[in-house]
Amino acid sequence: MFSFFTYFLLSALLLSASCRQPSMDTSKADRILREIEMETELENQLSRARRVPAGEVRACGRRLLLFVWSTCGEPCTPQEDMDIATVCCTTQCTPSYIKQACCPEK
């Protein structure tokens with residue numbers, strides 16, 4: 001009788017302890033789910049560029065390449081060592097500046 005009672009008491013203690021402490025797999029899964037939720041919340045937020053209207057639009061990288069192609073119809077062949085990438089990325093370039101720098105014959 002005493003051993004049955006001891007066995008029952010130890011089983012009850014182990015059961016209650018395991019209910020209070022999540023297993024390692026559960027805590028990892030919960031952590032991963034929280035990280036995924038945080039990432040999706042960050043993705044759904046609007047970027048600053050879309051939240052705040054900008055006064056001027058600057059062309060850098062791919063945007064500059066597309067701007068040159070739409071203005072000249074061909075890749076840029078710079079005149080007199082003009083660095084249009086630096087100029088257009090720091091200030092707003094006009095189509096006339098792009099034509100003068102890249103394709104003056106057009």
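Keep in mind that glycine also has a Cβ here, set from the backbone N, Cα and C atoms.
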Second cysteine of the disulfide that Swiss-Prot assigns to Cys89, among Cys19, Cys60: Cys60
Cys93 - recorded disulfide partner, Swiss-Prot, among Cys88, Cys102: Cys88
Reduced DSSP assignment, Cys88 (disulfide bond): helix
Cα-Cα distance linking Cys93 (disulfide bond) and Cys76 (disulfide bond), given in Å to the nearest integer: 14
Rounded to the nearest Å - Cα separation of Cys102 (disulfide bond) and Cys60 (disulfide bond): 15
From disulfide-bonded residues Cys60, Cys72, Cys103, the one whose Cα lies nearest Cys88 (disulfide bond): Cys60
Disulfide-bonded residues compared (Cys88, Cys103) - highest count of Cβ atoms within 10 Å: Cys88
